[in-house]
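Heads up: the structure comes next, in structure tokens.
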Amino acid sequence: MGQHGAIRLQNEVQEGMPPPHELTEEEQWAEEHRKMHEKHKGHEAMHMEMMVIFMISVIVGQIFLVTWKRKHFKSYQMCTLIGMLTIPVYVCFNRSWYRFLATWLVFCIFSAFIWLKASAQHISGGTPRFVYKWFLFLHKLSYVLGVVGYLIMMGALLGFHVLFGVSQPTLMDAGILFMFYGVYYGVLGRDFAHICTARMASRIGYYTPEGLPKKHLEDGVCAVCGGRLDDSEHVHDADAVVTTKMVEDEDEKLYKLSCGHVFHEFCIRGWVVVGKLQTCPYCKERVDLQRMFKNPWEKPHLFYGKLLDWIRYLVCWQPLIVTAVQGLTTWMGLE
């Protein structure tokens, strides 16, 4: 009798208990992590084989990419651009990240418009400066987004999230989001700028990849855009900025390179900083960037450009290498 009463009391307590609460995102991640450890327990040797395969694949892939870029740069550049445009879009579409897809669509529409202007048979005098200003704006915008994202991430790590009343993972995700948008569109902008730069300069006629201009550059003409320079302006030294003057109703400086050729500010900045062409647009002489950009606040843009070149490998080629390694390990029966 007592045992039956005890059993009835236990059932009543269980029926009166509240239902289990839904797991939070952190708890779900911890549970999945625990299950994965239980599943792969005792597979240390297999995991070591997979790590060796991955390291060898990364090294071989890096050597292949460097050789490909050195031997056939145009095909490497085009394949990289296609990968940069398609791989993140495929991932975001599968995960229903429509905010990125909307920004990607807007970027592609503007880039297509710029490409059409740069590829026209007859390029107007203001088109080159407009194109370079657009890509220089993208470069600076990506730089600002990257810095803001980095500062937000550092604030999350230092505990500043309590000042905004948000959780640390939320603030960290916001920082990563800003940084991703900055570096991704910065890389795409530099690739588009490099393609448009060479194509537009070849249309104007003062530049060819072989270094033999199609027509002679007259004095007082910018070799990038073909626009006139003010002959009355006075050059102070070989690498100094010429006195500010009005160029098409805008205050714009002139730059004179060590080779003696003078260019509009936005033209040479777009050519060197954004277009990644560190040579004179006319005579192919190498440009000394340290002497050209003397102000300390200008040099981070150059370092950021080099960082974007490295990010290109992580965004485009690293996912392909990881996918290939996963396919190889699955074919070999490794888990």
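Every residue gets a Cβ built from N, Cα and C, even glycine.
Here is what Swiss-Prot says about this protein:
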- 1-47: topological domain 'Cytoplasmic' (TOPO_DOM)
- 48-68: transmembrane segment (TRANSMEM)
- 69-72: topological domain 'Lumenal' (TOPO_DOM)
- 73-93: transmembrane segment (TRANSMEM)
- 94-99: topological domain 'Cytoplasmic' (TOPO_DOM)
- 100-120: transmembrane segment (TRANSMEM)
- 121-143: topological domain 'Lumenal' (TOPO_DOM)
- 144-164: transmembrane segment (TRANSMEM)
- 165-168: topological domain 'Cytoplasmic' (TOPO_DOM)
- 169-189: transmembrane segment (TRANSMEM)
- 190-335: topological domain 'Lumenal' (TOPO_DOM)
- 222-284: zinc finger (ZN_FING)
**OP:** Would you confirm whether the transmembrane segment (100-120) and the transmembrane segment (144-164) meet the contact rule of 3 or more C-beta pairs below 8 angstroms, pairs 6 or more apart in sequence?
**Re:** no
**OP:** Sort the residues of the topological domain 'Cytoplasmic' (165-168) into helix, strand and coil with DSSP and give the three counts.
**Re:** 1 helix, 0 strand, 3 coil
**OP:** Grab the same-chain neighbours of the topological domain 'Cytoplasmic' (165-168) for me: Cβ-Cβ under 8 Å, and only residues 6 or more beyond its ends, written as numbers and ranges.
**Re:** 156, 159
Subject >> Local confidence of the prediction over the topological domain 'Cytoplasmic' (94-99), expressed as mean pLDDT >> reply: 87
